[in-house]
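The structure appears below as structure tokens.
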Amino acid sequence: MHGFEEIDTGKEHIALTFGDVRCGQPVLARTHSECLTGDALFSMRCDCGYQLNEALRSIAEAGCGVLLYLRQEGRGIGLLNKIKAYNLQDHGADTVEANERLGFAADLRDYSMCKAMLDHVGISQIKLMTNNPRKVEALKRYGVEVNERVPLEVGRNPHNEGYLSTKAKKLGHLLVTHQDDEPPETV
Ligand SMILES: Nc1nc2c(ncn2[C@@H]2O[C@H](COP(=O)(O)OP(=O)(O)OP(=O)(O)O)[C@@H](O)[C@H]2O)c(=O)[nH]1
Ligand SMILES: [Zn+2]
């Protein structure tokens, strides 16, 4: 486990590697944004905890991989603001509208630290486990060589169905099992 501190923000991130990540081949990787409620408290209203588990399981199965655990709770708005956003969602807003009502953009995350973290552990190319094409683009923009996107679609349940469908519709997430919520036209 390697620890990093972002100079500008003081945020502390970690890279957890498994196996021979300096092998020169593309390495299975997960860049995971902190979600205290999902990752540590087993919340079912998002898919974060399930994705974290599945990513670690896949890395173990592959025998080699890296987890970048990024301290960007609540898509960058922080834990307390995320709790406020959840309250708005409990009163009808979707995940994007709730952020906007609190005065934030839908996604405030920054991936600029990832390249340096990967360089430090000797990884030059990755196979990224994500459903978020904007994450792939952001990493590439910062110079990370993403050879492949590996879908990471797990944990769908009745409590996160609406949340996942908003991610697909408004945030561009590629979710194979996404079904449009519109009711079928009656003939
Ligand atoms: N602001 C806000 N953040 C949320 C909400 N639900 C989950 N999060 C945060 O969203 C982040 C995870 O982002 P997601 O949009 O679920 O997924 P992603 O990282 O873009 O894409 P994947 O790589 O496919 O997981 C974590 O930091 C969570 O704390 C919410 O309703 N509002
Ligand atoms: Zn979550």
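Heads up, the Cβ atoms here are built off N, Cα and C, so glycines get one too.
Just so you know, TrEMBL annotations never went through curation; they're auto-generated.
Cross-referencing THR9, THR95 with the GTP binding residues that TrEMBL gives (ARG30, THR31, HIS32, SER33, GLU34, GLN51, GLU73, GLY74, ARG75, THR130, LYS135) picks out THR95. Straight-line distance linking the Cα atoms of CYS46 (Zn(2+) binding site) and THR130 (GTP binding site), rounded to a whole number, equals 15 Å. Per-residue pLDDT, averaged across the domain 'GTP cyclohydrolase II' (1-151), gives 97. Selection of the recorded positions ARG30, HIS32, CYS35, CYS46, ASP107, ARG109 by a Cβ distance under 6 Å from ligand 1 yields, in sequence order, CYS35, CYS46. In the three-state DSSP reading, ARG30 (GTP binding site) counts as strand. Same-chain neighbours of the Zn(2+) site beyond CYS35, CYS46, CYS48, judged by a C-beta within 8 angstroms of the site's C-beta center, are, in sequence order, SER33, THR37, GLY38, ASP39, SER43, ASP47, GLY49, GLN51. CYS48 (Zn(2+) binding site) sits 8 Å from HIS32 (GTP binding site), taking the CA atoms of both as reference points.
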